[in-house]
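Take a look at the structure below.
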Amino acid sequence: MLLSMQGISKAFGGVSALKAASLEVEPGEVMALVGQNGAGKSTLIKILTGVYRRDEGSIAFDGRQVDFSMPAEAQTAGIATIYQEINLAPQRSVAENIYLSREPRRFGLLDHAAMRRGAEAVLATFNLSIDVDRPVAHFDAATRQMVAIARAVTQNARLVIMDEPTSSLDEREVGVLFETIRTLKRSGVAVIFIGHRLDELYAICDRVTIMRDGQTVAKSPMADMPKMALVRHMLGKELAAFQAMAPDEDAPERPVRLSVENAGAGVRVRDVSLTVREGEISGLAGLLGSGRTETARLVFGADRMDRGTIRMEGRERRYREPADAIADGIGLVSEDRKIDGIVPDMSIRENMTLALLPKLRKAGIVDRARQDEIVERYIRALGVKCASPDQPIKELSGGNQQKVLLARWLATDPRVLIIDEPTRGIDIGAKSEILKLLRSLADEGLSVLMISSELEELLSAADRVTVLSDGTSVATLPRKDLSEAALLAAMAHQAAPSGEQA
Amino acid sequence: MHTLFRPFAIKSSGDLARLGVILALFGLILFGALRYDHFLSPYNILSFLRYNSMFALIALGMAFVIITGGIDLSVGGTAAMASVVAALFSPVHWAAGLLAGMAAGFAVGALNAFIITKMRIQPFIATLATMLAAYGTGLLLADNQSVSVSYDSGFTVIGQDDFLGFPIPAWIALAAYVLGWLVLEKLPAGRHVLAIGDGEATAGLMGLKVERTLAAVYLASGTLAGLAGVILAAQFGAGQPTEGVGWELFAIASVVVGGTLLTGGSGSVGATLAGALLLAMVFNILNFENGLGWISLSAYWQSVIRGAFLLVVVILQAKLMTRRKTA
């Protein structure tokens, strides 16, 4: 056994991120580490590499108990990490990046010739022949990744951790990467491969460790784990805390309000089509990395669309920035409230009316009376629990923060509301309250596009669900066809790789 | 390294900018030589080198700081204070004046390093504060007037005499630049400075000692500013607590004109020297132009021109950067 992590627990400020998680890796094997966002994969890896300290548990590497307190120690011990944002100095040359911090010297001076030779030699083992004097920024993502791997190899790494290594690669580059991984395997180096694209996991990994909610829920040889089972382990099943909130039978087909046809941008969104009708909740499902959030950003004008068309109430639209989409009646409640939603130190009043301020002006000054009226109305309508509208929003619970954000958009009177993971980080009671709220808004005529990772949420709240896989919409399930099995089957589906792929 | 040994191996936009500054420098020299009778006279060349060596020294320290992505606004104040300290110690021995002035600069550099790496304060704010403190300390020590140096100890030799036909300040600057080039291009430490400027977090993950390297860079900048202060006192025969205003801008402009990115991660010692010489040359030519009698530009115009230069180069850099991003 090369690596054995047992009973690892870690809490951040009282919130438990890992609960007795475990991970074992044999020499020369490729271990898939999978799980949803927040399942604890990155925390586990960061504990292994000394970025975080564990609260409990033991780590044995290469037969010895280890306790790294910083990344440099893990590196010295033979554990290299290739981060998703490849960590290289972009303006320095390939050769320098490979040898940075342990440069070959002659008479105390840098030995550029030896550096160049060494870099070329190690890259040659990966069948890569490039000008190692050029800055790494000049090369594509796959080559940069190869340079990072070469750096790991020259450090005599026994274990290489790759965090979503294929997320920015095209198919050919993925093939090159897999060839590199096989080269590593042959020389006895083990790889921990964190990824979400199932086909890739099955193509390259020997075993799989599945995490959910900070725990290791399954370990198995890759071949013994059918795709459906893998997805089920990842998503898990929550207690059915939600009452069925969607209408039982299909409502009469209502007019389409928003439609997206064959949208594409870069490699994350390849070909997505979906429709949202008046007064319905349309779900958008898919595994992590399937392009859900990216699709929402395209519709909202936050990212540039390369291909496809968007129609709003029948008219073709091209949104160059979110302001255009907002003017057209589209709102977006983003997934991460902390990063691009709330302004923590501002009051509930200010957070709620942020998007509305331009309309609230009277002679250039915010019309306080109207602001108060709107804030009062939504606090009452959505049932925001707070001491007063002037309370800083950071003091509210997650569910109540979400309501304030919802109110912010509702106050702009949207016709389409895109909401990304509406119940992320919200306790179970508040979850069903938020979903009920969305349902009653839909009943009043609002069109909701709800992105969700939680099967129960989609099953109980959505009128239809579009499933994305690898940036492509692979299925649209109307209410009557919605079932856990149908959703899982669609999510496990992967677009057939075009051409020969490793 | 590439710019020295393989001048035509242009591999980045930075290389292009560095080539540009060297061409511009030669262009200006050619212009001056053709237009003014005494431009290439030994007197002009020697006094040009003698005076501008001080600026070249602080530009060298600034180059290292800016390559790490930082800034050192305290160099002017440090030089002023160091000139006073050097003058006060000059009666003891010429070497006492020299070492005391450098030690004063080292002290400011150490304070900067501590505030920036340990207290985690932005370099801009940290060195703005130490700049004010350094000026104040200089004025306090000097009792708000210039402090005469001792002419008996031989201290003024440092600023006023020649060695092998060239001014001693020029030799000092040359030695500092050779050393700086050696560190940046030939020693791992220099590569680490560049890598840290490329991204501190990344450099840390690659196992580099980020804090230690940053501290060394601010220490070097402070010490070089102290050395410039020593030369100032020796050259003009007095410690001058009110000198040094705007020197940091001259240094920043020299570095940036020399093709070093203000965002860090790229830069060259040789091109910094070229940048400092280029800016100094502009003022030298203005002086000659004034001498012809056609125009009369006051010294205040120098600041305006310096500012305009800096702005133009920074805008060009920003354009190059965005082009590289979209490319």
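Numbering starts at 1 and runs along the chain as displayed.
Every residue gets a Cβ built from N, Cα and C, even glycine.
If you check TrEMBL, you get these features:
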TRANSMEM  B:16-34  transmembrane segment
TRANSMEM  B:55-88  transmembrane segment
TRANSMEM  B:94-117  transmembrane segment
TRANSMEM  B:124-143  transmembrane segment
TRANSMEM  B:163-184  transmembrane segment
TRANSMEM  B:215-238  transmembrane segment
TRANSMEM  B:244-262  transmembrane segment
TRANSMEM  B:269-287  transmembrane segment
TRANSMEM  B:299-318  transmembrane segment
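Outside the transmembrane segment (B:215-238) by six or more residues, the chain places 50-51, 53-55, 57-58, 60-62, 64-65, 68, 70, 72, 74-76, 78-87, 90, 97-98, 101-110, 112-114, 116-117, 123, 146-149, 151, 155-160, 169, 172, 176, 189, 193, 244, 247 with a CB less than 8 A from a CB of the stretch. Here the transmembrane segment (B:244-262) does not lie next to the transmembrane segment (B:94-117) in space: the count of CB pairs under 8 Å, restricted to residues six or more apart, is fewer than 3. Contact between the transmembrane segment (B:55-88) and the transmembrane segment (B:299-318) is not supported, since fewer than 3 Cβ pairs fall under 8 Å when only residues 6 or more apart in sequence are counted. For the transmembrane segment (B:124-143), the residues of the chain that approach it from at least six positions outside its boundaries are 71-74, 76-78, 80-81, 83-85, 87-88, 108, 111-112, 115-116, 239, 241-242, 244, 248, judged by C-beta separation under 8 angstroms.
Residues 70, 72, 74, 77-79, 81-83, 85-88, 123, 126-127, 129-130, 133-134, 149-150, 153-155, 157-158, 211, 214-216, 218-227, 229-230, 233-234 of the same chain lie 6 or more positions beyond the ends of the transmembrane segment (B:94-117) yet place their CB under 8 Å from a CB of it.
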